[in-house]
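What follows is a short report on a single structure.
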Amino acid sequence: YISGFGNECASEDPRCPGSLPEGQNNPQVCPYNLYAEQLSGSAFTCPQSTNKRSWLYRILPSVSHKPFESIDEGHVTHNWDEVDPDPNQLRWKPFEIPKASQKKVDFVSGLHTLCGAGDIKSNNGLAIHIFLCNTSMENRIAHHCPVFFCSVPQKGNLLIYTEFGKMLVQPNEICVIQRGMRFSIDVFEETRGYLLEVYGVHFELPDLGPIGANGLANPRDFLIPVAWYEDRQVPGGYTVINKYQGKLFAAKQDVSPFNVVAWHGNYTPYKYNLKNFMVINSVAFDHADPSIFTVLTAKSVRPGVAIADFVIFPPRWGVADKTFRPPYYHRNCMSEFMGLIRGHYEAKQGGFLPGGGSLHSTMTPHGPDADCFEKASKAKLAPERIADGTMAFMFESSLSLAVTKWGLKASKCLDENYYKCWEPLKSHFTPNSRNPAEPN
């Protein structure tokens, strides 16, 4: 891998040394008689600081395919009006992975849209999907025209082939495949994970402000694949699946799409290991806002407001004095979807399980369950390790997310009893005593 977030990088397959042109992007004849092709991730006229593009040197250009034809979308949708809005707190039990012995399902056919908002045609919005698969994408590739997606595997490894090279992505890692990039995914067992699609805007590292130059997700820890190509054909050709305006289309081509011998640019796929996140937290009293756990952000046009933030809650020390340490009760102007990769989330030890999820919509109240509140209110406030062996995450958005029919009904994973975790909460009001007894 090459390390660094958003770097200007160059790579060539060692089987073809010197395959990158020298001193120019588009020579009359490329080394090894390759084709030059530019992949633009931004408008040509974007400011230099935000301009995204890469040059690919390939055996055949990506235009070499038959016409696209519409195919069945399965459980993928961008219709946010399937069912009436639901403002309730929602929680899902672990989503069931289909058994390979019963039906083979690859990454694309195993995508299930859970919720989302916005308009994919105008490049403004997002969608959250669950992927449930048990077999590799054999001679099938995909690319998403208006979308940047962040994949969070929860069970099983993903071997991701891209035009830029290969990435092995394991649970507790994430990967980002950017708009227009073609990919294929091999899996090795029954596999499950979460997928965040963002329409139109790039993921960025959050501005650190008073934190300073270092901390949170450090740029050096992001890994970019190195060039790797294959020059082969298969009987019947490759199937190229194009997600365009929320619909799926397929085309055939003879040559492997992973035929890029060399590339250079700053528009690439990348992966990141969540264990490398440098946690910032309170060391005196009270909570810092959960934005201090932001790994990546996709900004909106309003300063400080995101279309989507990817936030994690990693293992860390809790030392705050005179403080209720678990997450506080909260009503948020943002929508919060949470998932659990492994372990037990500190605010809800039961019910919220790896491979499941929860959604607390705009201004929907939420917070620790009754058992967590009682224990934390009486706990001795010694320094303690929090979330060892655990990794929870949140997709947070300024958009009000609509849940799909699959999410509410067809998945059969919605926990109808979620609200009951707060029912045992009771009043501790002491009108005649301002100072309640504090734990020793």
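Positions of Cβ are set from backbone N, Cα and C atoms, glycine also.
What TrEMBL lists as domain 'Homogentisate 1,2-dioxygenase N-terminal' is 1-274.
As annotated by TrEMBL, domain 'Homogentisate 1,2-dioxygenase C-terminal' applies to 275-429.
Annotated active site, proton acceptor per TrEMBL: HIS287, in sequence order. Long-range Cβ neighbours of HIS287 (active site, proton acceptor) (same chain, at least 6 residues apart, Cβ-Cβ under 8 Å): ALA320, THR323, PRO327, TYR328.
Residues annotated as Fe cation binding site in TrEMBL: HIS330, GLU336, HIS366. With a 10 A radius on its CB, GLU336 (Fe cation binding site) counts 21 other CB atoms from all the protein chains.
Annotation comment: TrEMBL describes TYR345, HIS366 as homogentisate binding site.
Listed in sequence order, the residues PRO327, ARG331, ASN332, HIS360, THR364, PRO365, GLY367 complete the 8 Å Cβ shell around the Fe cation site centroid, once HIS330, GLU336, HIS366 themselves are left out.
Long-range Cβ contacts of TYR345 (homogentisate binding site) within its own chain (separation 6+, distance under 8 Å): PHE313, MET338, PHE352, ALA387, THR390, ALA392.
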